[in-house]
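S.K.: Sending over a structure as structure tokens; questions will come in a sec.
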Amino acid sequence: MMNLVLQYGLYILILVVLAIPLGNYIGKIMNGEKVFLSKILTPCENFIYKILHIDKDEDMSWKKYSFSVLAFSIISLIVLFLLHIFQGFLPLNPEKVSGTSWDLAFNNAISFVTNTNWQGYSGESSLSYFTQMMGLTVQNFVSAAVGISVLFALIRGFIRVKQKGIGNFWIDITRTVLYILIPLSIVVSLALVSQGVVQNFKQYETVSLLEPITLEDGTLVTEEVVPLGPAASQIAIKQLGTNGGGFMGTNSAHPIENPTILSNLFEMISLLLIPVALCFTFGRNIKDRRQGIAIFVAMGIMLVVAMAIVGVNEQIGTPQMALNGQVDLSTINQAGGNMEGKEARFGIATSSTWATFTTAASNGSVNSMHDSYTPIGGMIPMLLMQLGEVVFGGVGCGLYGMIGFAILAVFMAGLMVGRTPEYLGKKIEPFEMKMAVLVCLATPIAILIGSGIASILPETVNSLNNSGAHGFSEVLYAYTSAGGNNGSAFAGFAANTPFINISIGLSMIFARFVPMMGTLAIAGSMVKKKKVAESVGTLPTHNAMFIGLLIFVVLLIGALSFFPALALGPIAEFFQMLG
């Protein structure tokens, strides 16, 4: 257990040390201030504005900003859909991969445009290098930038007084990609290449096995095909942008995507780096760092508790494992605990940390198979997604989702003391409350409706590899992942079918854009308001009491929404294992 504590402490320390300066840097980018990269990138930025006829002085209303977000996303979806369909005719396809089915193309286009990266296929066998690079990798950049841009708009809504505009979407997305995502991705890509992650355009290589194996039918296998490709560049942004879609089917459990313990560290820190940094950006730009720290602490407390629960449950294992008497013991030669579905080179601590990080953020990349976790160890990642991906969450969307919960929290507090609620010096009125409820409830609606329909359809039930509580957990996890814009999976059933592809695709669209539009509506309403002077009756939103209230509201909504479903899935499985 000491190993768990030390590793957890190290990961969090590195994360915070890197996130604070990055948060200040991102704050400067939002405000258009000069940074150390300005001399290099400003000419590129101005060139983009010129060729696209972008008016740098335009300040958009929330409705125009929303229209721009939707228009950009729709165009991205159409282009990515067509890339999937026609990839067999496009270049950089050394393995001669044909186009995908229309329903898989529909699902995957939505998946990457919404920053979910749910994958019902294996990339190395289903997609060409061109589709991976020009389709998926491009969307990894711009879908992440869309989320950050919407957060910028919301922050402006709080800091501006009696205005109409909340910024310019085209400027926000351009600056986010140019100044934040590309530089960070270059650094992480080079770090990954140094550890052996592949980055080339070669054909797949056939190599001889060190130990030939005999299949059940008696066939002797002496060779294996090793997939190659431009993986490192895609992996870097899949982590930094909380995208999560793997170049390979097994994601970062694959030794070509994640070969060493150092590559694992780089990828895991990258996963939460920007979501954590944005908390400090928020505090800096509203000119009250305590507000950003309060939200960071609330998120951090929930993250650490989740890490502890997953780590302890995976180290202890199941009651059946405990009959061994030794399986939970960690020694210098073995990780102990529940090692099913985990890479021996990573062990319990690193695998459980990644599982917690990737579901706290709306990332979804994996270095172990969540379906093989213990019932409670698998339930916590599911619950983190069901809370609305607000425990840091995706880049931009996690923080604006948590701000939605903060608005609910101050409203509840205002009801208790009989005052009009205020947040960051502005009154919270009925319109903001309606939009905040929309932001907070979109995820539960998408998850529960989708999983409920799928669970009663014979084609889903018949395709399950596991029956009973665990089978239901697999379906619930799939729609939780889609509704949380996460993208990870328990797997365990046929995911690449027309119904699953379409229904999960619709869940991803709903869960991405409904909260986003609600957030922009809040920004548009707030930007018109004047600041209200603090008084003795004003609820402080930066102290321990508010942090506790915020955590309570997040958990209350999550518990009320999902406890019945969790009781039928992982909780029932836990008690079944107890005998």
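Even glycines carry a Cβ here, placed using N, Cα and C.
Since the structure is predicted, the reported quantities are computational estimates derived from the model, not experimental observations.
Okay, so Swiss-Prot annotates it like this:
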- 2-22: transmembrane segment (TRANSMEM)
- 66-86: transmembrane segment (TRANSMEM)
- 135-155: transmembrane segment (TRANSMEM)
- 177-197: transmembrane segment (TRANSMEM)
- 260-280: transmembrane segment (TRANSMEM)
- 292-312: transmembrane segment (TRANSMEM)
- 391-411: transmembrane segment (TRANSMEM)
- 437-457: transmembrane segment (TRANSMEM)
- 490-510: transmembrane segment (TRANSMEM)
- 546-566: transmembrane segment (TRANSMEM)
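Help me picture where these features are in the structure shown.
M.R.: Beyond the ends of the transmembrane segment (66-86), by six or more residues, the same chain brings 60, 99-100, 102, 104-106, 108-110, 112-114, 127, 130-131, 134-136, 139, 142-143, 146, 149-150, 169-170, 173, 513, 516-517, 520-521 to within a C-beta distance below 8 angstroms of the stretch.
Within the chain, the transmembrane segment (292-312) has long-range Cβ neighbours (under 8 A, six or more residues past its boundaries) at 1, 4, 8, 12, 23, 276, 279-284, 286, 348-349, 352-353, 355-357, 360, 373, 376-377, 380-381, 383-384, 387, 390-392, 399, 402-403, 406, 541-543, 546-547, 550-551, 554-555.
Outside the transmembrane segment (437-457), and at least 6 residues removed from its termini, the chain residues within Cβ reach (under 8 Å) are 386, 388-389, 400-401, 404-405, 408, 472, 475-476, 478-480, 482-484, 499-500, 503-504, 506-507, 510-511, 514-515, 518-519, 522, 557, 561-562, 565.
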S.K.: The transmembrane segment (391-411) and the transmembrane segment (2-22): do they have three or more Cβ pairs under 8 Å, with pairs 6 or more apart in sequence?
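M.R.: Counting Cβ pairs under 8 Å, fewer than 3, so no.
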S.K.: Out of 135-155, 177-197, 260-280, 391-411, 490-510, which stretch touches the transmembrane segment (546-566) the most, going by CB pairs under 8 Å?
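M.R.: Answer is 391-411, with the largest number of Cβ pairs below 8 Å.
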S.K.: Quick one: find which recorded stretch in 177-197, 260-280, 391-411, 490-510 has the most Cβ pairs under 8 Å with the transmembrane segment (135-155).
M.R.: 391-411
S.K.: Could you give the residue numbers and ranges of same-chain residues that sit at least 6 residues beyond the transmembrane segment (391-411) on either side and whose C-beta is under 8 angstroms from one of its C-beta atoms?
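M.R.: Contacts with the transmembrane segment (391-411): 115, 144, 146-152, 154, 240-242, 272, 274-276, 278-279, 282, 295, 298-299, 302-303, 306, 360-363, 384, 421-423, 428, 432-433, 435-437, 439-440, 485, 512, 515-516, 518-519, 522, 539, 541, 546, 549-550, 552-554, 557.
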S.K.: Can you work out which residues elsewhere in the same chain, 6+ from the ends of the transmembrane segment (490-510), have a Cβ less than 8 Å from its Cβ atoms?
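M.R.: For the transmembrane segment (490-510), the list is 103-104, 106-107, 110-111, 114, 116, 118, 120-121, 369-371, 378, 442, 445-447, 449-450, 453-454, 457, 459-460, 463-466, 470-471, 473-475, 477-479, 482-483.
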S.K.: Who are the long-range neighbours of the transmembrane segment (260-280) in its own chain, taking Cβ under 8 Å and residues 6 or more past its ends?
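M.R.: Residues 11, 14-16, 18-20, 22-24, 26-27, 144, 148, 151, 180, 184, 188, 191-192, 195-197, 235-236, 239-242, 252, 289, 292-293, 295-296, 299, 345-346, 350, 353-354, 357-358, 360-361, 363, 365, 367, 392-396, 398-399.
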